[in-house]
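Novice: Take this structure, written in structure tokens, and hold onto it; I'll ask about it next.
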Amino acid sequence: MSGLCVIEAAREPGVANRVALITADTTWRYGELSQLTALCRERFRREGIEAGGRVAILSPNRLGAVVAIHALLSLGAVLVPLHPRLTATEAEALIEDARPTRVLREADLVALESALGDAVRAGAVAGPWWLTQPAVEVSSAVEVPSATEVSPAVEVPQAAEVPAVVSGEVVKDDAAEEGDLAILYTSGTTGRAKGAVLSRRAFVAAAVASAENLGFHESDRWLLCMPLCHVGGLSVLTRCLLARRAMILVERFEPQEVLRAIVRDRATLLSVVPTMLAALVEADPQHVLARLRAVLVGGAGAPQRLLEICARRRVPVLTTYGLTEACSQVTSQAPRDASTQEPGSGRPLGGSEVRLVDVDDAGAGRIQVRSATLFRGYWRGPERAPEHPLDAEGWFDTGDLGRLDDAGRLHVLARRTDLVVTGGENVYPAEVERALEGCEGVSRALVFGVPDERWGQLVAAAVVLDPAAPKGAPEVWIASETSARLASHKRPRLLAVVDALPVTPAGKPDRRGAAERLAAKLRPLPRR
């Protein structure tokens with residue numbers, strides 16, 4: 001796997017006719033996508049965008065965003081993808097911080113799509129022959145079907161008639177891989193959002209490590225339903241590009257649409273966060289998810305009950321641990337682990353090392369990572385902090401807490417800022433959540449700290465109940481069950497029963513905001 005330029009990829013023997021991108025209504029081959037990319041690149045070049053220039057993209061997943069990203073990659077520009085759900089104030093604050101040379105908003109990308117469509121219909125660039133015709137299903141083999149395999153009413157160009165690119169200069173891969181690929185802002189759940197500067201080499205190393213772990217199948221198609229502004233979403237695009245494989249684009253996460261796309265477009269791989277997986281499982285009575293080769297789950301610890309449901313349904317879930325600063329995954333389960341239900345978040349991927357520091361008597365310590373996938377530092381970091389985030393030996397302190405078992409598997413306990421300290425005792429939210437979700441009738445749980453003058457913090461929990469919940473006040477029976485499962489200082493003192501757990505715009509548990517958001521619903525639990 002090599003080369004982060006779709007234009008260069010399409011020039012390789014046999015690649016131009018491979019399926020590159022599948023949207024809800026169109027399938028694009030590498031030759032066609034490369035021509036759209038080249039056209040878009042020329043527009044950007046005329047606007048003054050060049051190698052090293054920063055370009056902010058503020059848009060949901062859509063064709064225009066994908067083409068724009070490919071064009072910027074071919075120019076050697078630096079992506080600054082921002083979440084489309086940011087308020088105007090939030091977005092402007094990040095734009096002011098990033099200081100981009102250009103901001104692409106959704107309206108700009110809609111206009112770009114219109115211009116590209118006009119170019120295809122005018123014959124200026126090659127486009128799918130079915131763009132204005134009924135869709136033609138592409139074979140599971142990577143080659144486009146011959147004219148005899150489709151309706152005679154549809155004119156099918158031969159491979160030689162689809163040039164890989166239009167004329168023009170392209171940034172060569174060996175030079176481009178030296179530069180930065182993106183500035184990705186962390187989700188901000190631990191405070192002010194910071195821009196992690198990730199190089200092209202880091203994305204290549206991350207894609208190689210992922211492929212080595214998952215294996216390499218000719219038929220692989222990765223369904224993207226995570227936002228492209230997240231490292232998990234952008235990584236799907238780079239993995240597919242580097243492997244010269246197809247990416248299935250779902251514009252917005254909607255469980256039924258994702259399930260339809262899995263069947264319609266023959267997806268084999270999927271990346272989600274636990275809240276997305278839970279929604280998919282609930283919407284999947286026909287067990288569509290079991291068709292996939294692997295479902296990577298990261299972003300937060302997946303509830304044990306959800307993992308058990310997936311195991312019963314033969315959904316091949318692989319739990320992972322990663323972070324923006326490490327270009328997504330650091331550890332992951334392997335496909336063989338999906339059937340054995342191995343605990344934890346798997347072992348370090350190739351090229352990554354994990355160690356614990358300041359380990360306590362229970363074996364828990366701060367997680368540190370050293371890897372070729374690590375970021376180069378935070379954007380404008382030297383202006384704000386004199387110390388580089390990586391130490392002299394290249395280790396990055398994640399601030400997360402975990403333990404390593406005898407088999408080398410990482411078990412993530414909490415983010416350091418999520419740790420609840422009550423009466424001087426450390427309480428790991430993940431441990432309490434497992435205990436709560438082990439109670440009959442509790443479907444989901446979120447544990448967080450609430451400030452308290454006497455204890456420093458009180459352990460609080462939000463729970464979602466299922467129909468099997470016992471009768472009576474939840475505070476009473478939950479207090480009774482947890483008294484047998486948890487030491488006294490770990491038991492929740494406050495409880496809120498909710499229809500859905502509070503999450504951030506990224507879909508991660510909102511521990512930082514839970515105390516304020518649920519203040520009116522929290523009720524004390526009886527002491528036992």
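Note: Cβ is positioned from N, Cα and C throughout, glycine not excepted.
Below, the features straight out of TrEMBL:
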{"type": "COMPBIAS", "residues": "330-343", "note": "compositional bias 'Polar residues'"}
{"type": "COMPBIAS", "residues": "508-519", "note": "compositional bias 'Basic and acidic residues'"}
{"type": "DOMAIN", "residues": "16-379", "note": "domain 'AMP-dependent synthetase/ligase'"}
{"type": "DOMAIN", "residues": "431-508", "note": "domain 'AMP-binding enzyme C-terminal'"}
{"type": "REGION", "residues": "330-353", "note": "region 'Disordered'"}
{"type": "REGION", "residues": "506-528", "note": "region 'Disordered'"}
Novice: Quickly jot the same-chain residues contacting the region 'Disordered' (506-528) by Cβ under 8 Å, restricted to those at least six beyond its ends, or write none.
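Specialist: Those are 83, 187, 189-190, 227, 230, 273, 275-276, 299-300, 415, 417-418, 429, 446-451, 460, 462, 475-476, 478-480, 483, 491-498, in sequence order.
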Novice: Under 8 Å between C-beta atoms and at least six residues away from its ends: which parts of the chain pack against the region 'Disordered' (330-353)?
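Specialist: Apart from its flanks, the region 'Disordered' (330-353) reaches 205, 208-210, 212-215, 293-294, 296, 307, 311, 316-323, 369-373, 405, 407-412.
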Novice: Average the pLDDT scores across the domain 'AMP-dependent synthetase/ligase' (16-379) and report the rounded value.
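Specialist: Taking every residue in the domain 'AMP-dependent synthetase/ligase' (16-379) and averaging pLDDT yields 85.
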